[in-house]
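A quick write-up on the structure given underneath.
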Amino acid sequence: MNAIYPGSFDPITFGHLDIIERGCRLFDQVYVAVLRNPNKQPMFSVQERLEQIAKAIAHLPNAQVDSFEGLTVNYARQRQAGAILRGLRVLSDFELELQMANTNKTLASDLETVFLTTSTEYSFLSSSLVKEVARFGGNVEHFVPSHVAAALYDQFHPVVERDRLT
């Protein structure tokens, strides 16, 4: 069975990678699907996020990165996926995730949502938190792959400012 793992991944974190790696052990193919949402202003473009994710999952032969727009259930059908993979960090995540799972089940009764709890060491981690730490010059290499940390640093601290910080 194939699964999709949808999200904004702005940026991808070790928490996301934890879910992807574990999902790859459960499913034949996992499509890491970057949602193209015209109503949001992400830090990284869709293309940048696709490249960041592709590099981060290169070691996983049954993971593939893609982007989509519109309903998740339609994308799942397009990819012939029988499951939507979702990660849960804390209890407060569950309420919204359950609401989305029930909506998706109503729209596509043959599609299951599979929840994986994030490993304990990543339970506090979010893309928003990573961006906040990076914005104030903190080291984010414990939270994201090194190529993503470099991209964050470049985004928040251009070359001119970088010289001042070092």
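One-based numbering along the chain as shown.
Heads up, the Cβ atoms here are built off N, Cα and C, so glycines get one too.
Here is what Swiss-Prot says about this protein:
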type: BINDING; residues: Ser8, Phe9, His16, Gly87, Leu88, Arg89, Glu97, Tyr122, Ser123, Phe124, Leu125, Ser126, Ser127, Ser128; note: ATP binding site
type: BINDING; residues: Ser8, Lys40, Thr72, Arg86; note: substrate binding site
type: SITE; residues: His16; note: site 'Transition state stabilizer'
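Feature annotations (Swiss-Prot) mapped to structure.
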residue : record                 : contacts (Cβ under 8 Å, 6+ apart)
Ser8    : ATP binding site       : Val34, Leu35, Asn37, Lys40, Pro42, Arg49, Ser127
His16   : ATP binding site       : Tyr5, Gly7, Phe9, Gly87
Thr72   : substrate binding site : Ile4, Pro6, Ala33, Leu35, Ile84, Met100, Asn104
Arg86   : substrate binding site : Tyr5, Ile19, Glu97, Met100, Ala101, Thr113, Val114, Phe115, Leu116
Leu88   : ATP binding site       : Phe94, Glu97, Phe115, Leu116, Thr117, Thr118
Ser123  : ATP binding site       : Gly15, Arg89, Val90, Thr117
Leu125  : ATP binding site       : Thr13, Phe14, Gly15, Arg89, Thr118, Phe143
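Maximum C-alpha to C-alpha distance over the listed substrate-binding residues Ser8, Lys40, Thr72, Arg86 is 20 Å. In this structure, Thr72 (substrate binding site) is part of a helix by DSSP.
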